[in-house]
Amino acid sequence: MELEGRGAGGVAGRSAAGPGRSPGESALLDGWLQRGVGRGAGGGEAGACRPPVRQDPDSGPDYEALPAGATVTTHMVAGAVAGILEHCVMYPIDCVKTRMQSLQPDPAARYRNVLEALWRIIRTEGLWRPMRGLNVTATGAGPAHALYFACYEKLKKTLSDVIHPGGNSHIANGAAGCVATLLHDAAMNPAEVVKQRMQMYNSPYHRVTDCVRAVWQNEGAGAFYRSYTTQLTMNVPFQAIHFMTYEFLQEHFNPQRRYNPSSHVLSGACAGAVAAAATTPLDVCKTLLNTQESLALNSNITGHITGMASAFRTVYQVGGVTAYFRGVQARVIYQIPSTAIAWSVYEFFKYLITKRQEEWRAGK
């Protein structure tokens, strides 16, 4: 019998088309046989002749779904790797951004755009100058992003179950991002202070230890957190916008929440760009608080600048309204690939680690 022969040997030979059967019906029967009778003969689900799952040819690659059983440890490891890689890859652009946000830059440090700035820094100060301070940034980024992603994932699920059971809540995403920012910035702020002081033009610090020692001795331990409130004021709305935009775009580009690298990259890049542009004025104030820029302080301003209100007044006094948007080009250019890298690497490692854990448990 023809069906039995195909069941034992798979679908082979001529088509299953018979009298009165259209080519479309024949293709459907072939698919049925491959999934049903053929599997039964191979020792699987015997006789389980189920209709084939018809896939939309335009649906793109059939990626495996993101595992749902990721643990807190998985989120922390994936987050740490993503944070370190993101900051290391984008560090030269971050250096340019810090300098372009200078309120009264040295004439030798006035740049027209990001590429020109990067070229002039390398040509006049050396190839590795844009990388100065990278080590302290990587050291801070690991634990900061581990706390950041683990807290976000845990709170997002908890709040979504309360606000919108069984679904995705934009309010939960934004609130989880805000709380995660508190932990991230607490771990990252000291590294930010040291990093930005080493990035400035004519910085007297060549080693991280020199900078840490000088700040501690001259300004006290509080200097490492002088910009913390401003950083939170900037990062809380930034992360709220960032996470809500990312999750919103994922609903459109990746509604099945499968592991889809292109959707993670695109959603992350767009979310980062929107959030970066919206919060540039706060980033300028944060840079001023971190660097205590000497030329700005000499502009009829005495003492250290402390607090967000003081930073806002100083920025306005020195450069007017336009000063709040210094470095916006560099900030957006930095943030687009930065968040794209962070999300794609994070989702990849979360998927990979959880998949390996599931395989290990199944093999026990």
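Positions of Cβ are set from backbone N, Cα and C atoms, glycine also.
Here is what TrEMBL records for this protein:
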{"type": "COMPBIAS", "residues": "1-12", "note": "compositional bias 'Gly residues'"}
{"type": "COMPBIAS", "residues": "13-24", "note": "compositional bias 'Low complexity'"}
{"type": "REGION", "residues": "1-28", "note": "region 'Disordered'"}
{"type": "REGION", "residues": "40-60", "note": "region 'Disordered'"}
{"type": "REPEAT", "residues": "70-158", "note": "repeat 'Solcar'"}
{"type": "REPEAT", "residues": "168-252", "note": "repeat 'Solcar'"}
{"type": "REPEAT", "residues": "259-352", "note": "repeat 'Solcar'"}
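DSSP places the residues of the repeat 'Solcar' (70-158) in helix, strand and coil in these numbers: 72 helix, 0 strand, 17 coil.
Helix, strand and coil content of the repeat 'Solcar' (259-352), in residues and according to DSSP, is 76 helix, 0 strand, 18 coil.
The average pLDDT computed over the repeat 'Solcar' (168-252) stands at 91.
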